[in-house]
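What Swiss-Prot records for this protein:
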type: BINDING; residues: Gly174, Asp175, Arg176, Gln177, Thr178, Gly179, Lys180, Thr181; note: ATP binding site
type: SITE; residues: Ser378; note: site 'Required for activity'
Amino acid sequence: MQLNPAEISELIKSRIEGLGASSDIRNQGTVVSVTDGIVRVHGLSEVMAGEMLEFPATKDGQPTFGLALNLERDSVGAVILGEYEHISEGDTVKCTGRILEVPVGPELIGRVVNALGQPIDGKGPINAKMTDVIEKVAPGVIARKSVDQPVQTGLKSIDSMVPVGRGQRELIIGDRQTGKTAVAIDAIINQKGQNMTCVYVAIGQKASSIKNVVRSLEAAGAMSYTIVVAASASESAAMQYVSAYSGCTMGEYFRDRGEDALIIYDDLSKQAVAYRQVSLLLRRPPGREAYPGDVFYLHSRLLERAARVNADYVEKFTNGAVKGKTGSLTALPIIETQAGDVSAFVPTNVISITDGQIFLETNLFNAGIRPAINAGISVSRVGGAAQTKLVKGLSGGIRTDLAQYRELAAFAQFASDLDDATRKQLDRGARVTELLKQQQYQPLPISLMAATLYSVNKGFLDDVDVKKVLAFESGLHQFLKTSYAALLKKLEDSKALDKDSEAELAAAIGAFKKSFA
């Protein structure tokens, strides 16, 4: 049988035309080297900075993703998010065309997730309806609103001397074991009933420490409005570096919808160390203390996203669904110093970015003054405008009393005879110092805090023995709760002290003092 060339070509043409092959055009590359979680990939010509790259799946079928950080002439330097032991030279890498995203929304509340938003608390999957990119541009100047609403931490020393406002960035800084995390956890616990969603980001901590924090929050009933993002010390440096941005995106979801959120980064020193590790492995040139040149930008772009946004921004973002509401994201970053050295690279960076700082000192902590806040060098640059009238009116003298007391106490060690005015100041300072002590996980409502501040300001404690001051305070609180509940309710609602309330409060403290022995 002789085949006609024309027939053959027609047959081939018809076959080609009828071919229904599905094609997936994706940029692919090849792994050149894998070291310490850093992968060099050749052949990805259209990759974006910060894009997610898809690597071969693990043995149990879990997808493995990486983050493209270095775009060089011949290769791409990527960091693996998760396990990388199964990746070898010659493996195929695909571009996804997506920037790293994490799930966001109210479905995450009450859960413990990793840096990628995957649940790690054993309570089943999270059915979040939305995801959002972890790297976002902070709201512009026009979109912002000035800080004028308080975040009540429930800690006397903070709410009276270094108040925090909604949308503020207030740094908590101190050596290890000075109670930094305790201050942050107290602030979360005190948000119960304040319409505030909290995000706690644990970076580079021991898994046992994170477990203890979650247990404390559960015991206080705070997990019902809290998301915990955990990147423990056992996780890769990349996951620790990414976790802060993931937590920020989860908090921004609420800010952009006219709600209030509080985020705690515990702590940014470890995030900077993780980023330094990633940068050095990527062969980026080291600078001061071996940190890369953009370590300031690492923290500034994160903390600038904490802001109070105006009603127009919220309305525009929600396409008119939410009107007349401002949103806020308040940040309490934590920095750990080495032997009180606040002039190191990362501490000075973060101090310059934030709107104030709370210094915690080892000496005060060891002396039993907890929270160990140094009133002299702790400041809040914008929180004063947000402080409630009630606390603002009563806390004016506290800071001065403390500062003068610390100064005089140093001189008094050398002086044998002191005049009455100095002795009076020392006595007042000792009582104020004693009164600002507070048990962990026992934040105070604003009304009881006002009663405490009023009693010391008006001299009710001047003849009470210093060792009995805390007993006086707890007894007074119990007395007010049982006999003057209406007054406390009035103070909570009005957040101001009018003449009638002041007279009633003075009478109540006077009545209690007579019975106090």
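In case you wondered, yes, glycine gets a Cβ from its N, Cα and C as well.
Within 10 Å of the C-beta atom of Arg176 (ATP binding site) sit 11 other C-beta atoms, taking all shown protein chains into account. Comparing Gln177 (ATP binding site) with Ser378 (site 'Required for activity'), their Cα atoms are 18 Å apart once rounded.
Each residue in Glu336, Leu360, Thr362, Phe365, Ala372 lies on the same chain as Gly174, Asp175, Arg176, Gln177, Thr178, Gly179, Lys180, Thr181 and has a C-beta within 8 Å of the C-beta centroid of that ATP site, without being one of the site residues. Neighbour density for Gln177 (ATP binding site): within 10 A of its CB lie 11 other CB atoms from the protein chains shown.
Long-range Cβ proximity for Ser378 (site 'Required for activity'), meaning a same-chain Cβ under 8 A and a gap of 6 or more residues, is found for Met161, Val162, Gly356, Gln357, Ile358, Phe359. Classification of Thr181 (ATP binding site) by DSSP places it within a helix. Around Lys180 (ATP binding site), the same-chain residues at least 6 positions away in sequence with a Cβ under 8 Å from its Cβ are Ile172, Ile173, Gly174, Asp266, Asp267, Ile334, Glu336, Leu360. For Gly179 (ATP binding site), the number of other Cβ atoms no farther than 10 Å from its own Cβ, over all displayed protein chains, is 19. Residues within less than 8 Å, Cβ to Cβ, of Thr178 (ATP binding site) and separated from it by at least 6 positions along the same chain comprise Leu360, Glu361, Thr362, Phe365, Ala372. Of all Cβ atoms in the protein chains displayed, 27 besides its own lie within 10 Å of the Cβ of Gly174 (ATP binding site).
When Cβ atoms from all protein chains are considered, those within 10 Å of Asp175 (ATP binding site) total 17, not counting its own. Counting only same-chain residues six or more apart in sequence, the Cβ atoms lying under 8 angstroms from the Cβ of Thr181 (ATP binding site) belong to Ser209, Val213, Asp266, Ile334.
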